[in-house]
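Visitor: Below you'll find the structure I mean.
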Amino acid sequence: MRLAVNIDHIATLRNARGEQEPDPVAAALLAEKCGAAGIVCHLREDRRHINDHDLARLREAVTTKLDLEMAMTPELQQIALKTRPELITLVPEKREELTTEGGFDIVRHYAVLAAYLKPFNAAGIEVSLFIEPEKKAIDLAKQAGADLVELHTGLYALKKEGEAQSKELQRIREAAIHARSLGLKVVAGHGLNYLNIAPFREIEEIEEVSIGHAIIARAVLTGLEEAIREMLRIIK
């Protein structure tokens, strides 16, 4: 299983003081050095952490895979096509939320989704949708032209250990199996941490996990390099 490191909260920490440090690009390079298979950043409409300049610098610096999370807006479509990350991930976005609260509502947006994705398909930029682990959403993602799905693991992360968490893990497993049967690549993310990630090693259909907050929080105490290496030790 591969690890993609989300460096948004490096920028959050920097922006808390309006300074230049810590530098998210430096964090991205260190993550790659430690063995991360990709770097994830979310260019939100309000630019609350990563900004346009960060994105441009990340594109120049990242040599593994740059995954740009973004809302489905015309402005961000143009920015993404100009920047040319290896992958874009469409996510829902609410200005009042602290972090992404759920999967992309593909049923609601399906009528316009395929047309929105076509320029990315034509440009050779892979497309992922951050969705709930549900078969209908996966089917629609495939039909709309997605190459990957990122399964939302937030509900799993919120469950206490026991039957409820096991049930949610099984739902994710079944969704991953279904997605792979359609030829989609599968990623998982949201709320995953050092204590709850281990069971995902048993779901072979999930090729990669995307983790940010847990790693950055651990890095405050142990350093970023050790925080990343510790996560890699758990998932390998």
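The backbone N, Cα and C atoms fix where each Cβ goes, and this holds for glycine too.
So Swiss-Prot lists these for the protein:
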- ASN6, ARG17, GLY191, GLY212, HIS213: 3-amino-2-oxopropyl phosphate binding site (BINDING)
- ASP8, HIS9, ARG44, HIS49, THR99: 1-deoxy-D-xylulose 5-phosphate binding site (BINDING)
- HIS42: active site, proton acceptor (ACT_SITE)
- GLU69: active site, proton acceptor (ACT_SITE)
- GLU150: site 'Transition state stabilizer' (SITE)
- HIS190: active site, proton donor (ACT_SITE)
Visitor: Among the recorded positions ASP8, GLU69, GLU150, which residue has the fewest other Cβ atoms within 10 Å of its own Cβ?
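Guide: So among ASP8, GLU69, GLU150, the recorded positions given, the one with the fewest Cβ atoms within 10 Å is ASP8.
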Visitor: Expressed to the nearest Å, what is the distance separating HIS213 (3-amino-2-oxopropyl phosphate binding site) and HIS9 (1-deoxy-D-xylulose 5-phosphate binding site) at their Cα atoms?
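Guide: Rounded to the nearest whole number, the Cα-Cα distance is 7 Å.
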Visitor: Over all pairs within ASN6, ARG17, GLY191, GLY212, HIS213, the annotated 3-amino-2-oxopropyl phosphate binders, what is the largest Cα to Cα distance, rounded to whole Å?
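Guide: Largest Cα to Cα distance for the 3-amino-2-oxopropyl phosphate-binding set is 26 Å.
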Visitor: Measuring Cα to Cα, how many Å separate ARG17 (3-amino-2-oxopropyl phosphate binding site) from GLU150 (site 'Transition state stabilizer')?
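Guide: ARG17 (3-amino-2-oxopropyl phosphate binding site) and GLU150 (site 'Transition state stabilizer') have their Cα atoms 32 Å apart.
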Visitor: For GLY212 (3-amino-2-oxopropyl phosphate binding site), find which of the recorded positions ASP8, HIS42, ARG44, GLU150 come within 10 Å, Cα to Cα.
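Guide: Checking Cα-Cα distances against GLY212 (3-amino-2-oxopropyl phosphate binding site), the recorded positions within 10 Å turn out to be ASP8.
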Visitor: Enter the number of other CB atoms within 10 angstroms of the CB of GLY191 (3-amino-2-oxopropyl phosphate binding site).
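Guide: Within a 10 Å radius of the Cβ of GLY191 (3-amino-2-oxopropyl phosphate binding site) lie 17 other Cβ atoms.
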